Ligand SMILES: Nc1ncnc2c1ncn2[C@@H]1O[C@H](COP(=O)(O)OP(=O)(O)O)[C@@H](O)[C@H]1O
Ligand SMILES: O=C(O)C1=C[C@@H](OP(=O)(O)O)[C@@H](O)[C@H](O)C1
Ligand SMILES: [Mg+2]
């Protein structure tokens, strides 16, 4: 469990969870926010609220570019607040414009193993429109290769080789954040 006085070390800076679809951002975000006493938001949920329909329908009716525009809009809104844990959608790293918002906070890459991601996606195959292809596993691996350089720009990387409970993962994420804070991130937090 993260102690409240420990959480103050963040000085209210937002935590942005990035990583591939099914890496566990939305699930972990709820747990991490609760332990930190931060508010939790999920950019996908906000996009669905703005659009008035589920993401698969939005992709089908309006296309990916329209989704990406809404994704940037909700991210911009969120970046004007503090003390938030924000679970982003897996493709948010693709737009340079989005990094101007992500860099305001601390970016945390949930680097889940490909096999773990695939097993999770098999349980819920229809939720990710971008995987509705003849060979979704090959599509997933192509996305991983394309996006890895973007995810690697995160302030903090947490490797997730196998299933781990949300509370245990929250503890691992917090330890990784503490280590990074000790190294100093002058552009994010006041170091004086
Ligand atoms: N720590 C975890 N332990 C067990 N199942 C998890 C964990 N994290 C995520 N999952 C499951 O994996 C799937 C994808 O998780 P989700 O949080 O939606 O990932 P993302 O937001 O990165 O796409 C969901 O079915 C979720 O229930
Ligand atoms: O990887 C992606 O491009 C996407 C990931 C999804 O979010 P999750 O990462 O929460 O699944 C959602 O934003 C949309 O389907 C696009
Ligand atoms: Mg999610």
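Using the three backbone atoms N, Cα and C, a Cβ is placed for every residue, glycine included.
Note: TrEMBL annotation is automatic and uncurated.
Annotated ATP-binding residues in TrEMBL are 22, 23, 24, 25, 26, 27, and among 128, 142, 147 the one listed with them is 128. Cross-referencing 29, 52, 90 with the substrate binding residues that TrEMBL gives (44, 68, 147) picks out 90. Taking 23, 25, 26, 27, 128 as the binding-site residues under consideration, the smallest Cα distance to residue 68 (substrate binding site) is found for 128. Here the C-alpha separation of residue 90 (substrate binding site) and residue 25 (ATP binding site) works out to 9 Å. Under 6 Å, Cβ to nearest atom of ligand 1: this is the test, and of the binding-site residues 22, 23, 27, 44, 68, 147 it is passed by 22, 23, 27. Within 10 Å of the C-beta of residue 44 (substrate binding site) we count 22 further C-beta atoms, all protein chains included.
DSSP classifies residue 24 (ATP binding site) as coil under the three-state reduction.
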